[in-house]
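To keep things clear, I will list the structure first and then write my remarks on it.
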Amino acid sequence: MPLKANDPSLTSWLPVPENSDFPIQNIPFGVFLTRDDIITIGTRIGDHAIDLGALHQLGYFRDIPLTDDIFLQDTLNDFISDGKKTWRLVRNRISELFQKNNQELQKNQEHQKIVLFTMDEIEMQLPVQIGDYTDFYSSKEHATNVGKMFRDPDNALLPNWLHLPVGYHGRSSTIIPSGTPVRRPNGQTLPKGADKPVFGPSRLLDFELEMAFITTDANALGEPIKIDEAEDYIFGLVLFNDWSARDLQKWEYVPLGPFLGKNFASSISPWIVTLDALEPFRVASPKQDPHPLPYLAQKGKKSFDIHLEVDIRTEDGSQTTLSRTNFKYMYWTMAQQLAHHTINGCKVNSGDMLGSGTISGPTPDSYGSMLELSWQGTKEIPLADGTTRKFLKDHDTVVMKGYCSRDGVRIGFGEISTKILPALEL
Ligand code: MN
């Protein structure tokens, strides 16, 4: 089925501001609370949110086989379960309905009043019920930097790293949408030189600039997903901030890996941009040497050219860009991550979320965490308000953004904006 919605020449009868992340070629999916306190599934063009539940009730999807209540839900899981063919039919139909020359809804003011909202009238929710969350460690630059700091500068990558996408199972209960503040966690840390831990607020609070993809029901228990088919089971991507307390992490992580230093919060951007919308922005991933084992060997361009940025906004309102990087730097691709995740028969469900791991580029201004930017707290990072940071302070707001750009079309993810609150006094 052709991806008609990706045609760069399309324009919409809805206004789209210059440099908007949401032209008619994007058509992301999300869940929002309307001005009437109703939760619905929707999409976005420019600064308008579109209620897909209402559109469906008014008959605008009558030619697509959909259950009546598919969009009248508080998560996208059932829609995602319908599979790629349905996602494409719906995205193409939305595209058609909002094209400049289409009069169906454009001439119907009554229907527009029911289905259109401005962004300030709605409140974005988590788009999916996330059953399971896995986080990878797939940026070679990030893994090398962390290995240099924590282990041996001459052998920064462990022997397995170039042979498989290393990952761990995270915690889905604390994944939150943009706008929800994060409280600095309390926990055990081992002060430098001490032989006993102390308890208190984390002093090394950090972000991790990542992207995450959301899967559909992909396999039966015991059945691996073949690498050539893996992308068929990826619904779309969001920006992902995997909050990390480095001092808690350092004390607890051996021998089983991340635990309380990671599971207090992870933030996502609320609109899921479909893999279909990202199709024009495919690029080759970094050359892999040694060549991966056959079950991880991929053909064609399996990465995406997504510009990423992380900013910090301080209490005076000033904003400093800390890092600019790109999703294309990831050594292991999403297809390889999904193929590896299921090679032992692990079952993947609709709404599972798989994080890329911190995305660091090759240069110091492209590192995806404070840990790397301040090189483990050995460098001060200057901010626009005249202060400096090694790690994050209370009341800082971390903002992550991402977009693709080609042939005059910009497809973006919006942003994740999260304010840090002081730790609870325990
Ligand atoms: Mn992470």
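Heads up, the Cβ atoms here are built off N, Cα and C, so glycines get one too.
Note that the structure is a prediction, hence the values are computed from the model and not measured.
Among the candidates Asp135, Asp305, Asp311, Asp316, the one that TrEMBL lists alongside Glu208, Glu210, Asp242 as binding Ca(2+) is Asp135.
When the ranges 175-195, 343-363 are checked against TrEMBL, the one recorded as region 'Disordered' is 175-195. Taking Asp135, His142, Glu208 as the candidate recorded positions, the subset whose CB lies under 6 angstroms from any atom of ligand 1 consists of Asp135, Glu208. Summarising the environment of Glu210 (Ca(2+) binding site), the number of other Cβ atoms within 10 Å of its Cβ, over all protein chains shown, is 28. Shown are the recorded positions His142, Lys262; the one with the most C-beta atoms within 10 angstroms of its own C-beta is His142. Reduced to three states, the DSSP call for Lys262 (Mg(2+) binding site) is coil.
According to DSSP, the secondary structure content of the region 'Disordered' (175-195) in residues is 0 helix, 9 strand, 12 coil. Taking the mean position of the Cβ atoms of Asp135, Glu208, Glu210, Asp242 as the Ca(2+) site, the remaining same-chain residues with a Cβ inside 8 Å of that point are Leu209, Ala212, Phe240, Asn241, Ser244, Ser266, Gly355, Ser356, Gly357, Thr358.
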